[in-house]
């Protein structure tokens, strides 16, 4: 009875028969149907509310109203939290001083999100891991805090204090309430994001995103294609095919390899350790297509509306990856912990980098992992994962700096290194994210005990025994690091260089 009441309170029951037929929770069915509706609406929005046919005001109004409609359909009156969070932070932006506005917005937005996450987990239904109203709030929190820092950069800081990336993203005028709500709650990103910069969103709404300010990788404008508005059709079709494959794989494989079996007493007692490692890899591999489906579909929706254009490739074909959230092949074949993280949930990693890593004066790596855990929610498993991730990141960085130079002498050695580091990366990622899937402390620690905390211990020994940056690399890296610093990007945290370089290129071109 409690579950039925909660379900009816948090969204429409119109699709209940479909939910029962396909044996999926109603909130997940509502989410998928609303995303498919958003996809069709995006096509209509691009064709009939094109910037050449409708004013920015009309586009803002329609995008916002449609976003609220989808939110109400999925989450019922809980969608009002989106308005409350946006309203509180907009009031701070308008009435608080520019000097501290960004900090207050950060505290209020993250605090309100945490309050909602705590009540959902500990008051309503602990362990319910499906589409819920705090999911969209996570993306809205990213947008609110990003915009607050961008306004602060544009209106309260001197030009010479900004990095090239911050200069490009800086907002020079306070948004109106309509612009602010449209940015936070538009129908393209209200349910699953991804987050984006305010300037990119406004360029899309105003129709300036296709102006010849995008440059090729060599820094020159593409004269052949720069005056023609590109069509997203091929990219949308490709991403929808990826969605179909991901969904089919998830529905068919995820129940065969449940992660929970890894902590089953009978399984642990009767299965050789090497097979337990293989099973862990397969079970984690089976969970990822769910995220591939959600994020790729969200990307396709934005592209269908005309949002996400990111310039042209060298061959003149348009790129629609401005707000893409993942690169599947780079994830599955990652040869380092960093490479995996750089290609997984890309926009969230960029948000963490821009609001925390680049601005935190003390131990930015630990601060970034802590913020990521707080943003994800209040399940203890999240904190175990991100605390483990800190050690993994430090150990992987140390090992890479000390070991990799010895494998660069020949192609064969490099291939051997890639195979070994791929296998090690996959095991390390699976080991790290088990608590993220299991959520609770007891099962997570039971899993780690069954592995005798071996990877935790190995990471600790690597960090203590090996120098962070051995002497033979210091001279070689000194000049590249200086060049990176001049470009606003430094050392190991040069994440998502494609996205940031595109921002820097647009700044130079405008």
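Numbering starts at 1 and runs along the chain as displayed.
Note that Cβ sites are derived from N, Cα and C of the backbone, with glycine treated the same way.
Curation plays no part in TrEMBL annotations; they are all automatic predictions.
Here TrEMBL gives transmembrane segment for one range in the set 8-28, 29-49: that range is 29-49. Per TrEMBL, the stretch carrying the note transmembrane segment among 61-80, 141-160 is 61-80. The range from 336-354, 355-373, 450-468 that TrEMBL describes as transmembrane segment is residues 450-468.
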